[in-house]
Amino acid sequence: MAREEALLSTEIVNRGIESSGPDAGSLTFSVRVRRRLPDFVQSVNLKYVKLGYHYLISHAIYLATIPVLVVVFSAEVESISRDGLWKLLWDEDTARYDLVTLLAFFGVLVFTLSVYFMSKPRSIYLIDFACYQPDDDLKVSKEDYIELARKSGKFDEASLEFQKRILQSSGIGDETYIPKAVWLPENCSTMKEGRAEASEVIFSALDELFEKCRIRAKDVGILVVNCSLFNPTPSLSAMIVNHYKMRGNILSFNLGGMGCSAGIIAIDLARDMLQANPNNYAVVVSTEMVAFNWYPGSKRSMLIPNCYFRMGCSAVLLSNRRPDFRRAKYRLEHIVRTHKGADDRSFRCVYQEEDEQGFKGLKISKDLMEVGGDALKTNITTLGPLVLPFSEQLIFFATLVKKQLFGGKEASKPYIPDYKLAFEHFCVHAASKTVIDELQRNLGLSEKNVEASRMTLHRFGNTSSSSIWYELAYLEGKERVKRGDRVWQLAFGSGFKCNSVVWRSMHRSRRPSRNNPWLDCLDRYPVPL
């Protein structure tokens, strides 16, 4: 109970003079209770550290064996002079034993090298990516949002006031994009509106991607589409194949219901497909439909997504072709996925259902922050051994061992690794201002580390699984990504899942392309929040 109370903070809010009702004309106050994300890095489960080291050493046996064999083989050969080698090879008394020894060493060396290179994963390159930028007539400020919501006739005054308070503290700016269909009096959660929005955002992003990468749609051998809440039949991946008349043997996949972290899951699936299919291109499309998931009811936990989610889509081109090494922007380094769905509370913290009036919506649980913190703790603990410098790993591991062996108050706080030593750039899912604040505090990140996330939330809102690509576009627009830099993309979503992907930059950032979604406002950012 004491630990639970430590996570809560209260604040008295002056709501002004009541305009209607029995208390009209009187000053009203409310008590706001906030739940703080727990210090998840203060409690680390050793089994996830072991899992990270398992990933690290999966191919290390070959790397350890090859140098030993090379040293032994070199010593054997160098110990024999040229005349001695000729004598060993042709002298009948000694040739049999020494020749067999040399051939045995040589055979083991060749075998080990062959096994290593055959089992070594192919390098996966990110050629380029594109982010959809809606037309200006879809821009909605926070003030316009409330007025349009009021005119639509779908919300009562209490619901409008609640959404207004959420928007004021959300970190979202006045230039985000919402489909016009949500402001119409009639129902917008229809298959027609969903398909119309999907066609607009997906085809615009793909057209830009194919233009930037100078490839034809028929060159793509693998297609992965993720959209959590809109899953029509035929699928969105089939819609893309039909629109671009892609080839008949394309490997297409459509991921649904996997939340805001589905973009990294789609990258993982595309990587696996590229490992199994050499000399190929893969396209990954990440999006979410706003109109189809618009909630017109009055349940507060289901009104929250209305305030945060905005239009967006990303399209990414991956390749395993060797010639693409020279033109690729990034190389895929690591993917770490964490799934907490076995826990009931984690499973239901983001849950789609109908309210008492029969309106469909996405329910956000008050446990979301705590569940998210637990999933993130597991994910970064597994990721640490793969990316942290050896000095950080040594100190971190030593404190864990001390805690396991001795326990007690002195060992209750393990060393918190400095992830700024592992990455130069951070693209943390722009879910909300509160989430970004808590991640910054718990991971010890600077304002510059989370700048891309804050600015993306302000300019585009929460675009679900595509938000991490708007953040990377921001970093590229600011020309901050240098050759050799490591980029950490981190996202989490329903289920509950937390996923990480690490990229290494192949080239220095050039001037932003004419299709960069930040191009029209880059000089105005960062803005104070």
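Backbone N, Cα and C atoms are what each Cβ position is placed from, and that goes for glycine too.
In the shown protein chains, 28 other C-beta atoms lie within 10 A of the C-beta of Cys260 (active site). Among the features that TrEMBL reports, active site is placed at Cys260 (among others).
The annotation active site is assigned in TrEMBL to His339 (among others). The Cβ of His339 (active site) lies under 8 Å from the Cβ of Gly495, Phe496, Lys497, each of these being in the same chain and 6 or more residues away along the sequence.
What TrEMBL records for His425 (among others) is active site. Every protein chain considered, the tally of other Cβ atoms within 10 Å of the Cβ of His425 (active site) stands at 22.
His429 (active site) is surrounded by 30 other CB atoms, counting those within 10 A of its CB over all protein chains shown. Look at TrEMBL and you will find His429 (among others) tagged as active site.
Per TrEMBL, the feature active site maps to His458 (among others). The Cβ of His458 (active site) lies under 8 Å from the Cβ of Gly171, Ile172, Gly173, Val527, Leu529, each of these being in the same chain and 6 or more residues away along the sequence.
Of all Cβ atoms in the protein chains displayed, 25 besides its own lie within 10 Å of the Cβ of Asn462 (active site). Per TrEMBL, active site is recorded for Asn462 (among others).
Averaged across the domain 'FAE' (116-404), the predicted model reaches a pLDDT of 93. Residues or ranges marked as domain 'FAE' in TrEMBL: 116-404.
What TrEMBL records for 424-504 is domain 'Beta-ketoacyl-[acyl-carrier-protein] synthase III C-terminal'.
As annotated by TrEMBL, transmembrane segment applies to 55-75 (among others).
Per TrEMBL, the feature transmembrane segment maps to 95-117 (among others).
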- Item | Euclidean distance between Cα atoms of His429 (active site) and Cys260 (active site), Å | 8
- Per DSSP, how many helix, strand and coil residues does the domain 'Beta-ketoacyl-[acyl-carrier-protein] synthase III C-terminal' (424-504) have? 35 helix, 21 strand, 25 coil
